[in-house]
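J.: Quick one: structure below, then a few questions.
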Amino acid sequence: MGSKRRHQKKKTKLIGGEEEEEDRISSLPDSILHQILSFIDTTSVVQTSVLSKRWRYLWTSVPNIHLDYDAFPGIHCETKKHRFAHFVNQVLSLRDASSVFRFYLRCTLFLDADLVKNCICYAFRHNVQELLLWPDCNSYLEHSEFPGCLSEALGISSSSLISLTLACHAFGMPPDKPLRLPALKTLRLAGCCHDYANLITETVGNCTNLETLILDDLELNSLNINAPNLRNLELHYYDDDCSCGSCFESMIVVSAPGLTSFKLEAMEGHALPVFSAASLPCLHNVHVCLKTWSFDEYESYDVPDEEILQRMPLNVMKMLEQLGEADYVTLSMDTVEVNGYVLRRRHPQALHRPSLCGSISQRISAFKNDIQLGKGKEIPPELLKAIEESRLSLFFSRTKLLLSDALINR
Amino acid sequence: MASSIENNNEKLTLKSSDGEEFLVEKHVALQSTLLQNMLDSDCSSADVIPLPKIDARTLALVLGYCKKHADASSSKQGELNSFDSEFLKDMDMGALFNLVLAANFMEIKGLLDIAAQKIADTIKDKPHQEVREIFHVENDYTPEEEAAVREENRWAFEGFP
């Protein structure tokens, strides 16, 4: 075995079968090393150049670029901004000509608009497939309006981009033109407020291959989605527990015949979704979570308009009726409580309309988890008991049938 | 092609570099794009498919991964994720490198991803000397050359200890 060590450190197999002192990582093919380095922040990737000669130029063709201003050393100041900008420019100019698969740029503080524009243009020129621009940021960004240059850069039509994640929180203004991304399959936008309604509608209309649309921290009066190939739609309304704005109804109109999964969450916010959809024949999974409204506890907040509140249970029920064709419907407990509360406190006459909903038994509150009702699934006995004592089942046509059968069997 | 219906329940035999044979259900083998392409192009008429680069220990691991992923329904993503993280948990580096090479050769994207991620996590946030030691990377720069590389990429080191 020792004879193998002729040339510095080469393969050394010990008798136990364990390999030691063998530089396995450096002998991996470039493609695997690129894959490994794709999981690492670009600063660390460039730093691997000092490991050995094998690593000197590896970083220049790693397909993922991951730039995080917050993780860059130093506290936020002009010097750090300059250092970061220099770093980014060096990376972009020294990289080889290979394509970029994923480009990630994150900062929670203001970055020079030209730098952002350079990044986007670079990514598009290198056939980027996934672009993430400050994806997990909240409202601390210091942009006051959608920077013109960013808008301009995103206005470039990219035929390679498949997935775009963009947080718009602190942009006072949406981009002036809808995005033109014909290959786009996944669009995730965060922080879209009222001005964005048209942008979303037009962008979704432009992106005919769109399969997944996720809107986080949504704050819109109306949302019109017409997407023939859309399969997944997730709407998460702005979750703001210290808001003192007034309640508003958010009209959601969906035309997506291929939709299989729909998720709606409106927690603690002040948006009351009003949903209407053309037929959704493919719907498989529905998840609706609406937060309890307990205005008594928040005297200081604007209690919603009485008329809006009166309409609310009806609107929620209509939505659930339209989604009732799904194979699986998961209702957050709070949904029941929303109705329970409003029905009991604000809209007692709804109790007399059996086509809408029965009264909600207090006993259902015993369920701490979501209630999932699936076709052909056995109903837990506690739920059956609760249902017997209330009439929760009337929400869903199919589920009702199932539940009725189950009750008859008993 | 007439036998395509029977093929659904067909098993195939894979042979590792050290001669061990593994009988695998076809739907499990289909997790590998390499095997899928071989089956599609009907190269599978051979009784035994040799995998000369993959030893028995590694192949057993790979097939365990494929079986789990082939058998789990799509609604069990959470379960698969926890399986994936358990799968590599206590694996030594040697086995991990064998696995990453096997996943690359057999074109099993999911496995390649988790194995690459695991290696990446080991490199991440560590000083170079430590990375060199963990992976036995031999520093073939002269001190002058290493200093030159550092200088060349100074913009990536500023602010780091």
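The backbone N, Cα and C atoms fix where each Cβ goes, glycine too.
Because TrEMBL annotations are produced automatically, they should be read as predictions rather than curated entries.
Take a look at what TrEMBL says about it:
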- B:11-70: domain 'SKP1 component POZ' (DOMAIN)
- B:109-156: domain 'SKP1 component dimerisation' (DOMAIN)
J.: Give me the mean pLDDT over the domain 'SKP1 component dimerisation' (B:109-156), rounded to a whole number.
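T.: Mean pLDDT across the domain 'SKP1 component dimerisation' (B:109-156) comes out at 94.
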J.: Please count the residues of the domain 'SKP1 component POZ' (B:11-70) that DSSP assigns to helix (H, G, I), strand (E, B) and coil.
T.: 30 helix, 13 strand, 17 coil
J.: In the domain 'SKP1 component dimerisation' (B:109-156), how many residues does DSSP put in helix, strand and coil?
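T.: The breakdown for the domain 'SKP1 component dimerisation' (B:109-156) reads 36 helix, 0 strand, 12 coil.
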